[in-house]
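As recorded in Swiss-Prot, the features of this protein are as follows:
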BINDING   17-22, 33-34, 38-39, Gly65, 124-125, Asp127, 155-156  GTP binding site
BINDING   Ser21, Thr39, Asp62  Mg(2+) binding site
MOD_RES   Ala2  N-acetylalanine
MOD_RES   Ser34  phosphoserine
MOD_RES   Ser179  phosphoserine
MOD_RES   Thr187  phosphothreonine
MOTIF     64-78  motif 'Switch 2'
Amino acid sequence: MAGKSSLFKIILLGDGGVGKSSLMNRYVTNKFDSQLFHTIGVEFLNKDLEVDGHFVTMQIWDTAGQERFRSLRTPFYRGSDCCLLTFSVDDSQSFQNLSNWKKEFIYYADVKEPESFPFVILGNKTDIKERQVSTEEAQAWCKDNGDYPYFETSAKDSTNVAAAFEEAVRRILATEDRSEHLIQTDTVNLHRKPKPNSSCC
């Protein structure tokens, strides 16, 4: 795959105000704007990178977290290769809503095998001192819901932002490798010469 670029669609989901737009902008442009408005509908940015020898274009989709925008965002779930479920560590309700976001994504993205779909969990706004969700709580949720990787991030100071998105790519590549292996084990070699018949007439 080296030398050839793949396009991966990665979608950020979570309550409004948890910092999804800021995470996307920090990762793609390395900028932080505290005055960002809530996303209406969806928007996306592209980022080219190399992960473990694989050249990848990440198409990162940011979605509106408010309930009233559900009909605008859900049509864009289809075709996603990875979902970054995002909450804010200073907002316990956004953490409690992770399960609802996961269910919404699986339904509208029409995920055929939810158990193997690559989710990555982000606990954002770690720069805020007054936490409502502990690291241990978040790690326990990840373990109980699919053994998902968990990153505590800050779009403001860029903590773990690049690491989280790169892990998303690794998860996608691992999923693709598994499916390619399954396909290869079921194929028949049409170019293999038949063994000569050793029986005599």
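Using N, Cα and C of the backbone, Cβ positions are placed for all residues, glycine too.
The Cβ neighbour count for Gly19 (GTP binding site), using a 10 Å radius over every protein chain in view, is 24. Long-range neighbours of Asp33 (GTP binding site) (same chain, six or more residues apart, CB within less than 8 Å of its CB): Ser22, Asn25. For the recorded positions Gly17, Ser21, Ser34, Lys125, a Cα to Cα distance of within 10 angstroms from Asp62 (Mg(2+) binding site) holds for Ser21. DSSP assigns Asp33 (GTP binding site) to coil in the three-state reduction, outside any helix or strand. In the three-state DSSP classification, Asp62 (Mg(2+) binding site) falls within a strand.
In the three-state DSSP scheme, Gly19 (GTP binding site) falls into the coil class. In sequence order, Gly19, Ser22, Leu23, Asn25, Arg26, Phe32, Asn124, Lys125, Val161 make up the list of same-chain residues 6 or more apart from Ala155 (GTP binding site) whose Cβ falls under 8 Å from its Cβ. Across the recorded positions listed here (Gly17, Ser21, Ser34), the residue whose Cβ sits among the most other Cβ atoms within 10 Å is Ser21.
A Cα-Cα distance of 11 Å separates Ser21 (GTP binding site) from Ser34 (phosphoserine). The motif 'Switch 2' (64-78) scores a mean pLDDT of 69 in the predicted structure. Across the structure, Gly17 (GTP binding site) and Ser34 (phosphoserine) are spaced 11 Å apart at their Cα atoms.
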